[in-house]
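> Below is one structure. I have some questions about it.
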Amino acid sequence: MSLSSARQRRATAASPPTDDGYAKDAKDRRRRPGGDGDSEDEGIKWFLPFLALGLLRHMSASSNLIHDCDEVFNYWEPLHFLLYRSGFQTWEYSSDFALRSYLYLFFHALVAGPASLIFGEHKVRVFYSVRIFLGLISTITETVLVVALSRRYGKRLACYVLAMLCLSSGCFFASTSFLPSSFSMYAVTLSSALFLLEKYAGAVSVAAAGVILGWPFSILVFLPVTVYSLIRGSFRRVFLSGFVTSLCFLVLSFVADYYCYGRLTFSVFNLLKYNVIGGGESHLYGTEGFSFYFRNGFNNFNFAFILALLFLGVVPFARKKYAPDLLIVVSPVYIWLAFMSLQAHKEERFLYPIYSLICVAAAAVIDSLPDFFHDKYSSDQSIFEKIAKGLRPLILGFILCASHSRTFSMLNGYGAPLQIYQHLEHHDDTGPGSILCVGSEWHRYPSSFFIPSYISEVRWIDDGFRGLLPFPFNETLGGTTAAPSYFNNKNKAAEGQYLKDIGACNLLVELDLRRPYPSRGSDLSTWEALAALPFLDRELSPALYRSFFIPYRWQQNNVFGLYKLLRSLQIFTAIDFLIPMCNGVPIFVPLILPSYKFITR
């Protein structure tokens with residue numbers, strides 16, 4: 001009896017550890033990476049996630065769309081003005097309102113400024129240099145998150161998160177967008193990673209930077225990590241770290257605003273006042289129903305978004321593994337979705353701060369599938385637990401394929417505007433002082449970085465829009481310090497925002513969706529097409545096929561219009577022919593007028 005008991009004890013001691021992801025000793029080893037000298041417990045090394053994310057973020061920087069006109073007119077255009085003293089100004093940058101912080105622009109000018117000196121007149125290269133810079137920031141912050149998850153929860157969860165960060169449509173598009181909400185996403189990602197690495201002071205400092213330099217409303221996203229960092233870390237050290245960081249950025253923001261707006265003002269307070277104290281005037285720019293962000297989240301993450309919402313249901317089965325730390329990190333998904341869904345004005349970019357956390361929550365649910373069938377009183381795995389383990393890579397693979405399909409559909413369906421505007425540099429034979437006109441496609445204008453020097457100005461033409469459009473920065477009124485009378489905060493069209501004489505247009509950008517009413521470019525006696533690219537017609541294309549690229553079906557089932565760059569034929573004056581005689585033979589000599597380049601090309 002005693003011999004048998006001894007053998008049983010030896011067998012138990014020698015038996016291999018079970019695949020229990022929440023075993024206490026395993027959890028302790030992950031909390032102290034490398035503490036016992038076992039390199040396997042250190043998790044994923046830095047190089048792999050940095051390389052994978054770097055490649056995907058470079059792809060995003062070079063091929064990403066501009067998804068929101070606010071990105072152009074509130075960030076690319078004022079940055080262009082700081083560099084080249086030309087660009088469009090919105091009412092938010094009027095000195096009367098001063099809703100936008102120039103400190104955020106100066107941060108990006110650290111890259112854009114040297115790039116403008118290096119590339120000179122090639123402004124498009126400056127544009128993509130800034131995008132590559134944004135992609136690099138995204139790569140670094142997400143790499144830290146993947147490594148932190150690996151050290152804390154194991155390689156499998158970290159690999160799942162890495163795959164989703166690389167291939168999910170939402171992260172692909174948001175990672176290189178020049179928007180404060182994207183900057184907040186970087187800060188949320190890094191702050192969460194530092195929290196998991198138990199760098200509490202750093203987590204709070206990054207959170208402060210994300211709120212002040214990025215987007216003030218994102219304070220709700222940082223709240224759980226900040227509160228628990230104050231509780232777990234040295235309160236004095238963590239508090240002072242956050243306080244000093246906040247104070248530094250507030251002072252820098254105040255100085256930048258004073259320098260650019262020319263008066264004592266504070267853009268962070270002005271933004272909060274306009275949206276909160278001022279009665280939520282942002283509803284003037286459109287409202288959406290409660291389900292908007294849930295539909296949008298599914299479009300950008302497909303079934304991963306649904307899994308992320310189910311994370312709370314997983315916690316009771318895997319509480320030893322994920323509670324409380326990962327629950328603290330993921331909780332902003334629910335807080336932010338609830339808060340933003342209650343607001344009347346909704347935009348896709350408002351969801352950016354929680355994009356990386358959606359990937360973490362979804363990956364945790366996939367990783368925990370076997371836990372639903374795990375019997376802690378039995379050392380043997382049930383058939384259902386084995387099936388759940390086998391389903392994990394299949395579910396992840398399906399999500400990644402659907403995400404790639406979404407990304408591919410978006411880039412190919414709506415990528416024409418950026419490509420069309422890049423054609424402008426090949427048509428300088430139009431002549432210096434040319435005027436480029438844009439009608440209903442003003443909201444897809446990709447910024448003045450795409451406008452060559454031979455074009456003297458870009459003008460809007462009236463296609464029925466009755467809201468307030470941007471005006472060029474007015475140097476005579478003071479540039480950034482100006483408070484032009486034509487700006488208002490009620491989104492009312494201003495006198496003079498449209499060019500009334502369309503005959504003055506030398507070039508025109510137009511989207512021809514082939515509706516019953518004719519487009520301007522259809523008049524071949526007035527316009528010639530310099531370039532035309534297919535553009536997906538959202539209204540006439542089925543939702544399934546326009547949202548996801550399905551081989552052999554995408555082109556067949558979707559309807560496409562043409563995105564056109566047109567040149568006016570009216571700018572070329574009539575030609576008077578002189579017929580001199582030479583030995584009785586008539587010689588036709590054209591009288592060359594300012595349009596000689598067109599005549600002789």
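Placement of Cβ uses the backbone N, Cα and C atoms for every residue, glycine included.
So TrEMBL says this about it:
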{"type": "COMPBIAS", "residues": "1-15", "note": "compositional bias 'Low complexity'"}
{"type": "REGION", "residues": "1-39", "note": "region 'Disordered'"}
{"type": "TRANSMEM", "residues": "102-120", "note": "transmembrane segment"}
{"type": "TRANSMEM", "residues": "126-150", "note": "transmembrane segment"}
{"type": "TRANSMEM", "residues": "157-180", "note": "transmembrane segment"}
{"type": "TRANSMEM", "residues": "200-231", "note": "transmembrane segment"}
{"type": "TRANSMEM", "residues": "238-259", "note": "transmembrane segment"}
{"type": "TRANSMEM", "residues": "301-319", "note": "transmembrane segment"}
{"type": "TRANSMEM", "residues": "326-344", "note": "transmembrane segment"}
{"type": "TRANSMEM", "residues": "571-593", "note": "transmembrane segment"}
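Explain the structural surroundings of these features, please.
Distant neighbours of the transmembrane segment (126-150): 43-46, 49-50, 53-54, 57-58, 60-62, 64, 76, 79, 83, 108, 111-112, 115-116, 119, 157-158, 161-162, 165, 171, 175-178, 182, 185-187, 189-190, 192-194, 196-197, 356, 360, 447, 449-450; these residues of the same chain sit at least 6 beyond its ends, with a Cβ under 8 Å from one of its Cβ atoms.
Residues 98, 101-103, 106, 200-202, 204-205, 207-209, 211-213, 226, 229-230, 265-268 of the same chain sit 6 or more residues outside the transmembrane segment (238-259) yet have a Cβ under 8 Å from a Cβ within it.
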> Would you say the transmembrane segment (301-319) and the transmembrane segment (157-180) are touching, if the rule is that at least three C-beta pairs must lie under 8 angstroms and be 6 or more residues apart?
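In contact, yes.
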